[in-house]
Ligand SMILES: N[C@@H](CCC(=O)N[C@@H](CS)C(=O)NCC(=O)O)C(=O)O
């Protein structure tokens, strides 16, 4: 958990519209750590994970939970992908295949959980919705609070905090291995201080952040110039990933790491959602980036944690059907709510 706080670089909920149509971020709320001897100790069935399959950040936690075999230790609840004016609805409020009710408190919205944890956090951020309550949420059933709502930190906890309870092979799987940590931490530092600089070779985590940021900026940008700058930068980033992945199966150190997880959740959404919804259409992954496409398909088709955490109906529902309040700035992106059928298939075979 050593790396610097880069949350404000990744969290759509922390962004505020600027005059040029881009977005600015504010600081996160729940940043506790599960660790032996701490307030939140590693325990079976003490914690509960709330996610949306639509959300790339939440999907990071799903993939790592599954890779590490934490399904029996940390139960999961999936909300409806249709983010609305009251936030993320549970399945009892907005029926959607795969969306569930809240088994702990029968909440209507993810917001209810945040307010249960801290009634003071209902601070207006955008006029259309009174507050921003994000997924993923790692909830503590013992203290009735949010442990952490920052995916990059949750996946680090999942990577190591529960190892004593896991079978040897799962405990041995290290997605943040010691020899790579300095590199990853340095990258996060660089992102924190200089996100707008051009990308550096080998900055895998940085690149993931930058791609996510560019997607968001491009999608939400209301000004042509901001859009064009962001989309060009995004594709320059993809060009570099393409070179990095040429002849390789993984991003860092010849092994699966959190860098792959963090990039996968973005790239898997690219052709089905970002190309159309966010006008990210200079090239597609399937037609423009053979190395990325091969890496993507190998992860998806050969490692079940990746495929089992990917639900294209939720992804498309999330992007194309969310934000029904027409005054919400994000509602401007797809006011008709029509969901494109393609591309078919959503992911190509190996
Ligand atoms: N930094 C957070 C970002 C989480 C985030 O932005 N989640 C979005 C969905 S992709 C969300 O829940 N937004 C709620 C809203 O916009 O009201 C993380 O990585 O966990």
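Every residue gets a Cβ built from N, Cα and C, even glycine.
Counting Cβ atoms from all protein chains shown, residue 55 (active site, nucleophile) has 25 others lying within 10 Å of its own Cβ. The active site, nucleophile annotation in TrEMBL covers 55.
The annotation active site, proton donor/acceptor is assigned in TrEMBL to 209.
In the three-state DSSP assignment, the secondary structure recorded for residue 150 (glutathione binding site) is coil. Residues or ranges marked as glutathione binding site in TrEMBL: 88, 132, 133, 134, 135, 150, 151.
The domain 'GST C-terminal' annotation in TrEMBL covers 177-327.
The Cβ neighbour count for residue 274 (site 'Lowers pKa of active site Cys'), using a 10 Å radius and every protein chain shown, is 23. Annotation comment: TrEMBL describes 274 (among others) as site 'Lowers pKa of active site Cys'.
Look at TrEMBL and you will find 319 (among others) tagged as site 'Lowers pKa of active site Cys'. All protein chains considered, the CB of residue 319 (site 'Lowers pKa of active site Cys') has 25 other CB atoms within 10 Å. Under the DSSP three-state reduction, residue 319 (site 'Lowers pKa of active site Cys') is assigned to helix.
Checked against ligand 1, the recorded positions 55, 132, 151, 274, 319 give 55, 132, 151 in sequence order as having a Cβ less than 6 Å away from one of its atoms. Rounded to a whole number, the C-alpha distance linking residue 55 (active site, nucleophile) with residue 88 (glutathione binding site) is 11 angstrom. Per the record's binding annotation for glutathione, residues 88, 132, 133, 134, 135, 150, 151 show a top Cα-Cα distance of 17 Å. With all protein chains in the displayed structure included, the most crowded Cβ environment within 10 Å among the binding-site residues 133, 134, 150, 151 is that of 151. A Cα-Cα distance of 15 Å separates residue 134 (glutathione binding site) from residue 319 (site 'Lowers pKa of active site Cys').
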